[in-house]
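Peer 1: Quick one: the structure is below, questions incoming.
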Amino acid sequence: MDLSINERLVLRSLDLKEVTAKDLASAAGLKPEAAVQGAAMLAEKGLATLRDEVESEYVLTDEGRKYAAEGLPERVIHDALPADGITLNDLKKQFPPATVNIAMGWLRQKGWAKFEKKDGDMFLLPQKADASADEKMLAAISNGESQKGFDAKVIKDLLKRNLIELRETKTKFVKITDSGLAVKQAGIEITEEIAQLTPEMIATGSWQGKTFRKFDVSLPVQTEYGGRKHILRMGMDAVKRTLIEMGFKEMEGPMVDAEFYVNDLLFMPQDHPARTHWDQFNLKEPKYIHSLPQNLVERVRRVHRDGGSSGSLGWNYEWDETIARKLVLRGHTTSLTARYLAKHSKPPQKYFSVSQVFRNDTIDVTHLLEFCQIEGWIMDDNLSMKELMGTFKEFYSRMGITVLKFKPTYNPYTEPSLEIYGRHPKTGRWIEVGNSGMFREEMMEPYGINSTVVAWGLALERLMMINYGYTDIRDLHGPLCDINFLRSVPVVWQQ
């Protein structure tokens, strides 16, 4: 049988009599922890038995040791009481208030003093005070005497006064088994083993001819949880890689932005329900953006009022720049698209972003107050909805989702518009994973863009729900997310 050097030393030192780990370590010439480890390994192989025996005893606390040496406060006060008594006020002049306060209750409880009211003050008259049970117990513990027969009530009182505490001492006992005895009788050879190969040994060649300890790498070990990316961060990285592979460039921009970029440039009227505090988060301080590009401001004003030169009638109201300057937490990353269209107005263009958005929604299995949106848009001449749907099929197929469904819908800033649905692998339910469409001419008018722009906003969490089979978005994101689930998600390495 293959045994380590420590196992051999321990086995050779064992006999039929059970011994403590401390005595075994001394006999084997090992440190106690090394002897226990060797005995435990022998026990796993059936060559020895290892058991724990716990002994409990009461020991004095720091305060208990002080009182055992100097006397309990009630004993100190009693012994200082004059035979004809003393007032409480005079007593407090002789002893610290804390000592007097502790002693008063115990003097009364033990009957060591008689208390009388006299001239508006408390008068203490000493009584007979033989050694009490708690004093005897403190002395016995202090002197290391046997604790058998200790009175339970006295122990409870001393514990309550924090004068003693229960201390448990664990002793390990080791005994050889019949199998271990057979191995021992067959002869145990003690050969020095090396546990670690060092650079110096390699350089000098001193490792040659040495015996190295064998390690069983198949033995179970404690799981170590190191730092790792959150499942959504891994999902974001995968989406970014996929869109970059498809020829897109990434957009970046502020999470706090003016309503001008979040709503007004998207041809969303200022009285739209989605622009109220019921749906979006407004900033209290600062409340407004410092400035807006005035060339765009005037064009947006005209488009909202009468459609400008887009051929539309607009929304037929007086647009308010003050409302447009209000700062909000962006409810979609289309605010980035609104910013980038002003800088990249000549086709062809392909941009995307994957970032957080914030909506004042009711939290349920598919909605959160904060989630990650996959924003994207393509600008080119003569684009159609066919190219848009083809982009989705290509993107989602690369993300592992091949079954999609499209449904016409309405959006203030796209026409025509489509909702995208993916089928959940477990429930079979169709889940809306995004919204899309072709930007309206009213939205393109302020930029002076004559080319077609198709765009979308997709939900990363819902994509992940389909990929991983989860039915509740809160299982992926937020305080209800299971830590064991996060630890068990495979880490996918990609260059």
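In case you wondered, yes, glycine gets a Cβ from its N, Cα and C as well.
From Swiss-Prot, for reference:
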- THR334, GLN373, ILE374, GLU375, TYR413, PHE439: L-phenylalanine binding site (BINDING)
- GLU415: Mg(2+) binding site (BINDING)
Peer 1: List the residues of the same chain that sit at least 6 positions away from PHE439 (L-phenylalanine binding site) in sequence and have their Cβ under 8 Å from its Cβ, in sequence order, or write 'none'.
Peer 2: TRP377, TYR413, THR414, VAL453, VAL454, ALA455
Peer 1: Can you tell me whether DSSP puts THR334 (L-phenylalanine binding site) in helix, strand or coil?
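Peer 2: Where THR334 (L-phenylalanine binding site) sits, the three-state DSSP reduction gives helix.
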Peer 1: Rank the binding-site residues THR334, GLN373 by how many other Cβ atoms lie within 10 Å of each Cβ and give me the one with the fewest.
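Peer 2: Counting other Cβ atoms within 10 Å of each of the binding-site residues THR334, GLN373 gives the minimum at GLN373.
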Peer 1: So what sits near GLU375 (L-phenylalanine binding site) in its own chain, CB-to-CB under 8 Å and at least six residues off in sequence?
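Peer 2: Counting only residues 6 or more apart in sequence, the Cβ neighbours of GLU375 (L-phenylalanine binding site) under 8 Å are MET251, HIS332, THR333, THR334, LEU336, THR337, PHE352, SER353, VAL354, SER355, ALA455, TRP456, GLY457, LEU458.
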Peer 1: Measuring Cα to Cα, how many Å separate GLN373 (L-phenylalanine binding site) from GLU415 (Mg(2+) binding site)?
Peer 2: 21
Peer 1: Round to the nearest Å and give the CA-to-CA distance linking ILE374 (L-phenylalanine binding site) with GLU415 (Mg(2+) binding site).
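Peer 2: Cα to Cα, ILE374 (L-phenylalanine binding site) and GLU415 (Mg(2+) binding site) are separated by 20 Å.
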Peer 1: Check PHE439 (L-phenylalanine binding site) against DSSP and tell me helix, strand or coil, would you?
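Peer 2: Once the DSSP labels are grouped into three classes, PHE439 (L-phenylalanine binding site) ends up as strand.
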Peer 1: Among the binding-site residues ILE374, TYR413, GLU415, which residue has its Cβ surrounded by the fewest other Cβ atoms within 10 Å?
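Peer 2: Output over binding-site residues ILE374, TYR413, GLU415: least Cβ neighbours within 10 Å is GLU415.
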Peer 1: What does DSSP call GLU415 (Mg(2+) binding site) in the simple three-state scheme?
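Peer 2: The residue in question, GLU415 (Mg(2+) binding site), is strand (DSSP, three-state).
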